[in-house]
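Database features, via TrEMBL:
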| type | residues | note |
| --- | --- | --- |
| DOMAIN | B:35-110 | domain 'Amidase' |
| ACT_SITE | B:LYS44 | active site, charge relay system |
| DOMAIN | B:175-515 | domain 'Amidase' |
| ACT_SITE | B:SER181 | active site, charge relay system |
| ACT_SITE | B:SER205 | active site, acyl-ester intermediate |
Amino acid sequence: MHPSRNVPDPAELAPGFQDTGRSIYHSVDSNISNIDFNRANIPLVEMVTLPDFQDVEEVRAFLQTYIKLVQDLQVCTGDLETGALRVDVNINVTGHERVEIKNLPTISAIVNAIRYEAKRQTKVVLDANSNSPATGIETRGWDGRKTYHLRNKESAVDYRYVPDMELPKVKLDVDSLIPQIQLLLPQPISERLDTLMSSPHDGGHSLTLRDARILVNNDTLLEFYTECWNNISDDRIRLKLINWLVHELLGTLTKSEVEFSPNLISSSCFTELIVSVESGEITKPNGKLLLLHLVNNREDQQKKVLEIAKEFGMLASKTADAHASSEVENVVNEIIAANKKVVDDIQNKGKVKKVNFLIGLCMRQTRGNVQPQVFEEKIKQILGLR
Amino acid sequence: MKANIKQVRSVNKKFNIFTSLRTNPTPPDPSPYAPLGNTTYAIKDNFATRKEPTTCSSKMLEPYISPFDATVVTLLDQSGSSCIGKTNMDEFAMGNSTIFGHFGPTLNPVYGQAQDLVESYNETQFFTKDTVSKDDGEVITSELAHDDNHPHRSSHSYITAKLYDNAFERISQDQRIVGGSSGGSAAAVALDLVDFSIGSDTGGSVRLPACYTNIYGFKPTYGRISRWGLVAYSQSLDTVGIMSKDLNTLWKVFTSLDLSDPKDPSCLSESTRESIAIERLNSKKNVGKKFKVGIPVEYQLEELGANVKSSWKMLLTKLQESKLIEVYPVSVPSIKHALPTYYTLCTAEASSNLSRYDGIRYGYRVKEDECNTEVEPEFITTRNSGFGAEVRRRIILGNYALSSYGYDSHFMKATGVRGMLIDQFNRIFRDRNCLVHKKHFQSTAGVDMLIVPTTVSEPPSIVDFSQMDTVKSYMNDVCTIPMSLAGLPTISIPYGGDSMGFQLVGQHGQDYKVLEFARLVEAAIAK
């Protein structure tokens, strides 16, 4: 199923227009629409694809990529809802007339309209006498559930365009312009994804596609990420960066309904925190609490992260610390004594994983100031699990 | 000359030349150096002026007063010339008779007229609050009122003519059309009411009436004079033209207006002007040399009257005998297709340009009770009653040429023929077209000038013209249109008796050469 129109080479088809006007609807129930003719100097670029879409999902993927492309090149906001980008769909059963669908405000509307129209046209063709064309050239609209007839060839608008004789001719030296424009273009999105996803041996970041997309879809986030990446020298810690950024920071922001902005936390403070946690100076739960504190109290970002951690008594206890060691032992003994049943499960029923439960209780008792590995070691030692 | 208001009003009663006359025309601040000091002029009513309405002789714009002045008006003001009023024309410059406009016919002063057409004059006063642009000093009307409640407003006053109800019956039998569409501008000069007048020439609208009234009519190269403030009819063809009885005056006016203008994108740029500036100096060098004059064979038209033919021959012989010219036959084959090409392109552009007159933005609008608003919001009725028959006809023709079924077969084809015509003109001229880099000849080959008739015959009588088939009336433009399509500088000079004239045509950009040649021809004829 594809448009049968004789479509010219898309490379040749990039006409520039001035937008003539746009409709403004103030209210859904009102039958009045205002037309804004004050659109002089608002350029309009039209692009026609070849009739080579094989699947609805191809259309969706194309549009998502295309929208990202125009945003990335700063051609326009790519916003379908506000009409910054408009998509008309042409669809027909092979050998039958082309139907154009207009008024499609979202990608899901486009996808749903294509699905609906494919079914409708197939049914019309199957129901009709197979010799006569079942569908005529027409333009249809989309009401959210089904397509409906807008106009056919006879009632089509004849725009009667006239070339503007007052526009001076502009001669472009294309051969010298194209390399200059190419220099200005950012790296293509696919290449940026490749870099983020390839292994560190190839200079990459080993990100998953999902994480890489999140970064590529948000220029400021990607910039922040890159700054942090460059701040960290330890490769092992570098690879933890994406989790801290996407899951801890963005997750926290989503909960409090705040958009990411580089003003929330400086990249140096953020990396300092990550390095402190990943090198064991602060426990992970405390690290998360500190992150929240730093975002909410930006003046503290001037201080050293470890100083703040010390102020809050959040420095991680280490086995080497004798005082801490005896404290750890006390806590572990206390927890073991209070959880006889669990201890029994571990020692006699082979449910070794329940050790984690005990570790959790120890952590709670010490308000997260001790690394869980320390407790784990101690519990296993006391219970004789080696 | 000094404006003689009394005489102007009295003469105008017979010939109905003006759509409005200034009550007290005041010359701009006198400067001893102003090149046009102590001169008066009249300007066609399709140039925007702040001091009276700009009507285009249409009901559609009858009440419209422009908030700004056309560049031409501003420049003439700076040159010291005084405008006495605005002249009658064919509605929106569409026509070649100045007969059927909203303000009645303008008659031809060359032919006798016994009775007055104008019964009386009405005076109208209005007030404007003016602001001066910081960028370029342009004066703009920021408020307009018909009563004066404000001490800082400037006052303007003009008079309009009221015609007798039976004006058409009052026209004498001998009367012939004055030509158009700048008929009023031509008549004002012919009757010595002004030193010169400004018209617009889209397909011959300055040259034809100049020829019919025995005066000079100059259509410069397209883009020489700014069209800012000239109401667009067909903007790829519209030019500002000058009419006068005196070549020196005409030359001075042209020099005052020959300037680039950022407000008109089609006005020749400074750099293009610099590249052809040398032509002005060379014009003097041509004196004493023989001009090579081409006679396009395509002008041997069937319709060419016997007296025009014999005068043409006489003129050429006379100029040859004066050792001023050598004559060569040339051929510009596309001239044969010029008339349909012109009417396709100008109507197409007109239909687009005139779509702005919808009763909402400018001038006239039907009253609500004259229109069935259930069926349509006033603009169909407004356009039907606001435009005259010829304007409506051309809008419809233009819409056809631009429609999906007529676009390729008509509009694009005509555009192609126009390109061919320009190319063919470039091949016969010795000078380079200032918009084309390639030159066809070495400097010695090719012709300097063309000399061709302005019309095929004398003007038809008003009665005959009124009954003439519309398409046949378009034939009156056949001699002037090729230069309009190619944008060539052309002056129509009176020669051969009443209402007869010949065009001296130069290559695109060679305006001063054309004017210099006209001077030499004038001197040779006078011998």
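Numbering starts at 1 and runs along the chain as it is shown here.
Cβ atoms are placed via backbone N, Cα and C, with glycine included.
Any TrEMBL annotation is an automated prediction that lacks curation.
Where TrEMBL records a feature, it is marked here on the structure.
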residue: B:LYS44; record: active site, charge relay system; DSSP (3 states): strand
residue: B:SER181; record: active site, charge relay system; DSSP (3 states): coil
residue: B:SER205; record: active site, acyl-ester intermediate; DSSP (3 states): coil
(request) Go through B:SER181, B:SER205, our active-site residues, and report the one whose Cβ sees the most other Cβ atoms within 10 Å. (result) B:SER205
(message) Are there any residues at least 6 positions away along the chain from B:LYS44 (active site, charge relay system) with a Cβ closer than 8 Å to its Cβ? List them or say none.
(response) B:LYS86, B:THR87, B:MET89, B:ALA93, B:SER182, B:GLY184, B:SER185, B:SER197, B:ILE198, B:GLY199, B:SER200
(message) By the criterion CB under 8 A from chain A, which of the active-site residues B:LYS44, B:SER181, B:SER205 would you report?
(response) none
(request) Let me know the model's mean pLDDT on the domain 'Amidase' (B:35-110). (result) 96
(request) Looking only at C-alpha atoms, tell me how far B:SER181 (active site, charge relay system) is from the residue listed as 'active site, acyl-ester intermediate', rounded to the nearest Å. (result) 5
(request) Report the DSSP secondary-structure composition of the domain 'Amidase' (B:35-110) as helix, strand and coil residue counts. (result) 14 helix, 13 strand, 49 coil
